[in-house]
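Okay, structure first, notes after.
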Amino acid sequence: PCRAPAMAGAAARYLVFFQYFGTRYSGVMETKSDQALVGVQNYLEKAAQNLRPSAPIKFHISSRTDSGVHALANAAHLDIQRAPGKAAFSGKQLVQGLNYHLKPEPIRILSAQRVPSTFHARFCARSRTYIYRLLLGCAHYSQIPVFERDLCWAPAGGPLDIQAMREAAKFLLGTHDFSTFRSLNSETPFQCPVRTLLQLEIQPAPGFLSHHYEHRGLEFWEVKFKSRAFLYRQVRRMVGALVAVGQGKLAPGDIQELLEVKDARAFPPHAMAPASGLFLQSVEY
(Lines of atoms letter the chains of each structure in order from A and count residues from 1; the text may use other names and numbers.)
(Lines give C-alpha, C1' and ligand atoms only; values in the text may rest on other atoms or scores of the structure.)
Protein backbone atom coordinates (compact mmCIF):
# COMPACT_ATOMS: atom_id res chain seq x y z
CA PRO A 1 0.00 0.00 0.00
CA CYS A 2 1.55 3.28 -1.11
CA ARG A 3 0.05 5.22 1.76
CA ALA A 4 1.21 6.85 4.93
CA PRO A 5 -1.03 8.51 7.52
CA ALA A 6 -1.42 12.27 6.98
CA MET A 7 -0.01 14.39 9.79
CA ALA A 8 -1.97 16.89 11.80
CA GLY A 9 -0.91 20.52 11.54
CA ALA A 10 0.83 22.21 8.66
CA ALA A 11 3.71 19.80 8.11
CA ALA A 12 5.27 19.71 4.66
CA ARG A 13 6.38 16.31 3.32
CA TYR A 14 9.48 16.09 1.14
CA LEU A 15 11.10 13.37 -0.94
CA VAL A 16 14.88 13.68 -0.75
CA PHE A 17 17.55 11.81 -2.68
CA PHE A 18 20.92 11.47 -0.96
CA GLN A 19 24.25 9.72 -1.47
CA TYR A 20 26.94 8.49 0.88
CA PHE A 21 30.29 6.77 1.06
CA GLY A 22 29.31 3.83 3.27
CA THR A 23 32.67 2.71 4.67
CA ARG A 24 32.52 4.67 7.90
CA TYR A 25 28.87 3.93 8.77
CA SER A 26 27.11 0.94 10.32
CA GLY A 27 24.64 1.05 7.42
CA VAL A 28 21.99 3.59 6.45
CA MET A 29 19.52 2.89 9.28
CA GLU A 30 19.57 4.68 12.61
CA THR A 31 21.54 3.08 15.43
CA LYS A 32 22.12 3.86 19.10
CA SER A 33 24.38 6.89 19.18
CA ASP A 34 26.94 5.36 21.60
CA GLN A 35 28.31 2.92 19.00
CA ALA A 36 31.72 3.41 17.37
CA LEU A 37 30.03 3.37 13.95
CA VAL A 38 26.54 4.82 13.62
CA GLY A 39 24.02 4.91 10.80
CA VAL A 40 23.74 7.50 8.01
CA GLN A 41 20.24 8.24 9.32
CA ASN A 42 21.73 9.49 12.62
CA TYR A 43 23.62 12.20 10.73
CA LEU A 44 20.65 13.08 8.50
CA GLU A 45 18.35 13.58 11.47
CA LYS A 46 20.96 15.51 13.43
CA ALA A 47 21.40 17.86 10.45
CA ALA A 48 17.61 18.23 10.13
CA GLN A 49 17.25 19.23 13.80
CA ASN A 50 19.58 22.17 13.09
CA LEU A 51 16.89 23.58 10.77
CA ARG A 52 14.88 24.32 13.96
CA PRO A 53 11.66 22.50 13.16
CA SER A 54 8.83 22.71 15.70
CA ALA A 55 8.65 18.89 15.90
CA PRO A 56 11.43 16.26 15.63
CA ILE A 57 12.19 15.14 12.07
CA LYS A 58 12.32 11.47 11.14
CA PHE A 59 13.74 10.21 7.84
CA HIS A 60 11.72 7.32 6.40
CA ILE A 61 14.35 5.65 4.22
CA SER A 62 13.47 3.80 1.04
CA SER A 63 16.25 1.21 0.91
CA ARG A 64 18.18 -0.32 3.79
CA THR A 65 21.87 -0.68 3.05
CA ASP A 66 24.35 -2.55 5.24
CA SER A 67 27.56 -1.48 6.87
CA GLY A 68 30.16 -0.63 4.20
CA VAL A 69 27.63 -0.41 1.34
CA HIS A 70 27.52 2.87 -0.62
CA ALA A 71 24.70 4.79 -2.27
CA LEU A 72 24.87 6.88 -5.43
CA ALA A 73 21.24 7.76 -4.71
CA ASN A 74 19.09 6.49 -1.88
CA ALA A 75 15.75 8.14 -1.07
CA ALA A 76 13.72 9.09 2.00
CA HIS A 77 10.67 11.12 2.92
CA LEU A 78 10.44 13.44 5.89
CA ASP A 79 7.87 15.80 7.38
CA ILE A 80 8.93 19.27 8.45
CA GLN A 81 6.75 21.32 10.75
CA ARG A 82 7.89 24.93 11.17
CA ALA A 83 6.90 27.51 13.75
CA PRO A 84 3.60 29.32 13.04
CA GLY A 85 4.02 32.06 10.44
CA LYS A 86 7.16 30.51 8.91
CA ALA A 87 6.84 29.43 5.28
CA ALA A 88 7.67 25.87 4.26
CA PHE A 89 11.19 25.36 2.93
CA SER A 90 11.61 25.23 -0.83
CA GLY A 91 13.36 22.13 -2.14
CA LYS A 92 16.49 24.17 -2.84
CA GLN A 93 16.54 25.67 0.68
CA LEU A 94 16.21 22.22 2.20
CA VAL A 95 19.09 20.81 0.10
CA GLN A 96 21.37 23.73 1.03
CA GLY A 97 20.41 23.70 4.71
CA LEU A 98 20.87 19.96 5.19
CA ASN A 99 24.16 19.86 3.26
CA TYR A 100 25.51 22.77 5.32
CA HIS A 101 24.89 20.82 8.53
CA LEU A 102 26.12 17.49 7.12
CA LYS A 103 29.66 18.63 6.38
CA PRO A 104 32.29 17.20 6.88
CA GLU A 105 30.49 13.81 6.57
CA PRO A 106 30.68 12.03 3.17
CA ILE A 107 26.88 12.31 2.89
CA ARG A 108 25.22 14.63 0.36
CA ILE A 109 21.61 15.61 -0.27
CA LEU A 110 21.15 15.57 -4.06
CA SER A 111 17.62 16.92 -4.36
CA ALA A 112 14.45 17.62 -2.40
CA GLN A 113 10.88 18.11 -3.57
CA ARG A 114 7.47 18.52 -1.95
CA VAL A 115 5.25 15.44 -2.15
CA PRO A 116 1.68 14.74 -0.97
CA SER A 117 1.24 13.71 2.66
CA THR A 118 0.20 10.21 1.48
CA PHE A 119 3.57 9.57 -0.24
CA HIS A 120 5.86 6.94 1.36
CA ALA A 121 9.49 6.61 0.22
CA ARG A 122 9.67 2.89 0.91
CA PHE A 123 6.25 1.63 -0.18
CA CYS A 124 5.83 3.87 -3.24
CA ALA A 125 9.16 2.84 -4.82
CA ARG A 126 8.61 0.98 -8.10
CA SER A 127 12.11 -0.47 -8.33
CA ARG A 128 15.62 -0.31 -6.96
CA THR A 129 18.85 -0.67 -8.94
CA TYR A 130 22.15 -1.81 -7.46
CA ILE A 131 25.54 -2.07 -9.10
CA TYR A 132 28.41 -4.21 -7.86
CA ARG A 133 31.93 -3.21 -8.94
CA LEU A 134 34.53 -5.91 -9.58
CA LEU A 135 38.23 -5.30 -10.21
CA LEU A 136 40.07 -8.01 -12.18
CA GLY A 137 43.80 -8.33 -12.76
CA CYS A 138 45.00 -7.91 -9.15
CA ALA A 139 47.21 -10.76 -8.06
CA HIS A 140 47.23 -9.35 -4.53
CA TYR A 141 45.12 -6.97 -2.44
CA SER A 142 48.04 -4.48 -2.38
CA GLN A 143 47.61 -3.93 -6.14
CA ILE A 144 44.21 -2.26 -5.73
CA PRO A 145 44.69 1.43 -6.62
CA VAL A 146 44.48 3.61 -3.52
CA PHE A 147 41.57 5.56 -5.07
CA GLU A 148 39.56 2.35 -5.42
CA ARG A 149 40.01 1.00 -1.90
CA ASP A 150 36.64 0.23 -0.26
CA LEU A 151 34.89 0.90 -3.60
CA CYS A 152 35.25 -2.48 -5.34
CA TRP A 153 36.04 -6.14 -4.79
CA ALA A 154 39.15 -7.69 -6.34
CA PRO A 155 38.52 -11.47 -6.14
CA ALA A 156 41.75 -13.45 -5.86
CA GLY A 157 42.78 -16.19 -8.27
CA GLY A 158 43.24 -14.83 -11.75
CA PRO A 159 40.78 -13.89 -14.51
CA LEU A 160 37.07 -14.67 -14.39
CA ASP A 161 35.14 -16.50 -17.09
CA ILE A 162 32.64 -13.72 -17.83
CA GLN A 163 30.77 -15.84 -20.39
CA ALA A 164 30.06 -18.55 -17.79
CA MET A 165 28.93 -15.84 -15.34
CA ARG A 166 26.48 -14.44 -17.93
CA GLU A 167 25.14 -17.93 -18.55
CA ALA A 168 24.64 -18.43 -14.80
CA ALA A 169 22.97 -15.02 -14.50
CA LYS A 170 20.13 -16.12 -16.78
CA PHE A 171 18.94 -18.56 -14.10
CA LEU A 172 18.52 -15.70 -11.62
CA LEU A 173 16.41 -13.46 -13.89
CA GLY A 174 12.63 -13.47 -13.41
CA THR A 175 10.49 -14.50 -10.46
CA HIS A 176 11.91 -17.05 -8.01
CA ASP A 177 11.96 -18.06 -4.38
CA PHE A 178 15.36 -16.59 -3.45
CA SER A 179 15.58 -18.26 -0.01
CA THR A 180 19.08 -19.64 -0.74
CA PHE A 181 20.27 -16.17 -1.72
CA ARG A 182 19.38 -14.32 1.46
CA SER A 183 21.15 -14.05 4.77
CA LEU A 184 19.03 -14.90 7.79
CA ASN A 185 18.07 -12.10 10.17
CA SER A 186 15.27 -11.27 12.60
CA GLU A 187 12.91 -10.35 9.74
CA THR A 188 13.38 -13.60 7.79
CA PRO A 189 10.32 -15.41 9.26
CA PHE A 190 8.03 -12.54 8.25
CA GLN A 191 9.37 -11.88 4.75
CA CYS A 192 8.17 -13.62 1.62
CA PRO A 193 11.31 -14.92 -0.17
CA VAL A 194 9.79 -14.54 -3.66
CA ARG A 195 11.29 -11.68 -5.66
CA THR A 196 11.33 -10.72 -9.35
CA LEU A 197 14.71 -9.83 -10.79
CA LEU A 198 13.95 -7.46 -13.67
CA GLN A 199 17.52 -6.93 -14.86
CA LEU A 200 20.90 -8.59 -14.37
CA GLU A 201 23.76 -7.42 -16.59
CA ILE A 202 27.53 -7.94 -16.41
CA GLN A 203 29.37 -5.21 -18.32
CA PRO A 204 32.88 -3.74 -18.53
CA ALA A 205 33.07 -0.41 -16.71
CA PRO A 206 35.52 2.45 -16.19
CA GLY A 207 37.47 2.69 -12.98
CA PHE A 208 38.17 5.96 -11.21
CA LEU A 209 41.18 7.52 -13.06
CA SER A 210 41.81 4.09 -14.60
CA HIS A 211 43.20 5.54 -17.84
CA HIS A 212 46.23 6.57 -15.75
CA TYR A 213 47.10 2.97 -14.91
CA GLU A 214 46.14 1.09 -18.06
CA HIS A 215 49.61 -0.46 -18.24
CA ARG A 216 48.81 -2.51 -15.14
CA GLY A 217 46.21 -4.63 -16.90
CA LEU A 218 43.44 -3.85 -14.43
CA GLU A 219 39.86 -4.36 -15.62
CA PHE A 220 36.72 -3.06 -14.00
CA TRP A 221 33.37 -4.79 -14.41
CA GLU A 222 29.93 -3.89 -13.12
CA VAL A 223 27.14 -6.29 -12.27
CA LYS A 224 23.79 -4.48 -12.39
CA PHE A 225 20.64 -5.72 -10.61
CA LYS A 226 17.13 -4.26 -10.78
CA SER A 227 14.10 -5.43 -8.79
CA ARG A 228 11.14 -3.90 -7.00
CA ALA A 229 12.76 -5.05 -3.73
CA PHE A 230 15.59 -7.29 -2.55
CA LEU A 231 16.03 -9.67 0.37
CA TYR A 232 18.64 -9.18 3.08
CA ARG A 233 22.10 -9.43 1.45
CA GLN A 234 20.58 -10.98 -1.67
CA VAL A 235 22.70 -8.95 -4.09
CA ARG A 236 25.97 -9.77 -2.31
CA ARG A 237 25.12 -13.49 -2.32
CA MET A 238 24.19 -13.42 -6.01
CA VAL A 239 27.47 -11.64 -6.87
CA GLY A 240 29.47 -14.10 -4.77
CA ALA A 241 27.85 -17.08 -6.50
CA LEU A 242 28.43 -15.55 -9.96
CA VAL A 243 32.09 -14.91 -9.14
CA ALA A 244 32.42 -18.53 -7.95
CA VAL A 245 31.10 -19.55 -11.40
CA GLY A 246 33.65 -17.21 -13.03
CA GLN A 247 36.41 -18.87 -11.01
CA GLY A 248 35.27 -22.38 -12.02
CA LYS A 249 34.28 -23.31 -8.45
CA LEU A 250 30.64 -23.63 -9.50
CA ALA A 251 29.08 -24.53 -12.87
CA PRO A 252 26.40 -22.20 -14.32
CA GLY A 253 23.79 -24.92 -13.73
CA ASP A 254 24.66 -24.98 -10.00
CA ILE A 255 22.96 -21.58 -9.71
CA GLN A 256 19.66 -23.12 -10.77
CA GLU A 257 20.17 -25.93 -8.25
CA LEU A 258 20.86 -23.44 -5.45
CA LEU A 259 17.60 -21.64 -6.32
CA GLU A 260 15.65 -24.89 -6.26
CA VAL A 261 16.97 -25.93 -2.83
CA LYS A 262 15.33 -22.82 -1.24
CA ASP A 263 17.53 -23.00 1.85
CA ALA A 264 19.87 -20.23 3.01
CA ARG A 265 22.12 -22.84 4.66
CA ALA A 266 22.79 -24.48 1.28
CA PHE A 267 24.65 -21.38 0.06
CA PRO A 268 28.40 -22.11 -0.31
CA PRO A 269 30.29 -20.91 2.79
CA HIS A 270 32.49 -17.82 2.30
CA ALA A 271 30.98 -17.11 -1.13
CA MET A 272 29.22 -13.86 -0.19
CA ALA A 273 30.74 -10.80 -1.87
CA PRO A 274 32.07 -8.11 0.50
CA ALA A 275 30.10 -4.90 1.13
CA SER A 276 32.76 -2.62 -0.35
CA GLY A 277 31.85 -3.18 -4.03
CA LEU A 278 28.11 -2.61 -3.61
CA PHE A 279 26.33 0.63 -4.54
CA LEU A 280 22.64 1.45 -4.45
CA GLN A 281 22.47 3.24 -7.79
CA SER A 282 18.89 4.50 -7.86
CA VAL A 283 15.37 4.23 -6.48
CA GLU A 284 12.66 4.67 -9.11
CA TYR A 285 9.18 6.05 -8.40
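For all residues, glycine too, the Cβ spot is worked out from N, Cα and C.
Feature annotations, courtesy of TrEMBL:
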DOMAIN    19-123  domain 'Pseudouridine synthase I TruA alpha/beta'
ACT_SITE  Asp66  active site, nucleophile
BINDING   Tyr130  substrate binding site
DOMAIN    168-285  domain 'Pseudouridine synthase I TruA alpha/beta'
Secondary structure content, the domain 'Pseudouridine synthase I TruA alpha/beta' (19-123) (per DSSP, counts of residues):
25 helix, 26 strand, 54 coil
How many other Cβ atoms are found within 10 Å of the Cβ atom of the residue listed as 'active site, nucleophile', counting all protein chains shown?
17
Same chain only, sequence gap of 6 or more: which residues have a CB within under 8 Å of the CB of the residue listed as 'substrate binding site'?
Lys224, Phe225, Lys226, Phe230, Val235, Leu278, Phe279, Leu280, Gln281
Could you please provide the mean pLDDT value for the domain 'Pseudouridine synthase I TruA alpha/beta' (168-285)?
94
Just to be sure I understand, if DSSP states are collapsed into helix, strand and coil, how many residues of the domain 'Pseudouridine synthase I TruA alpha/beta' (168-285) fall in each?
47 helix, 32 strand, 39 coil
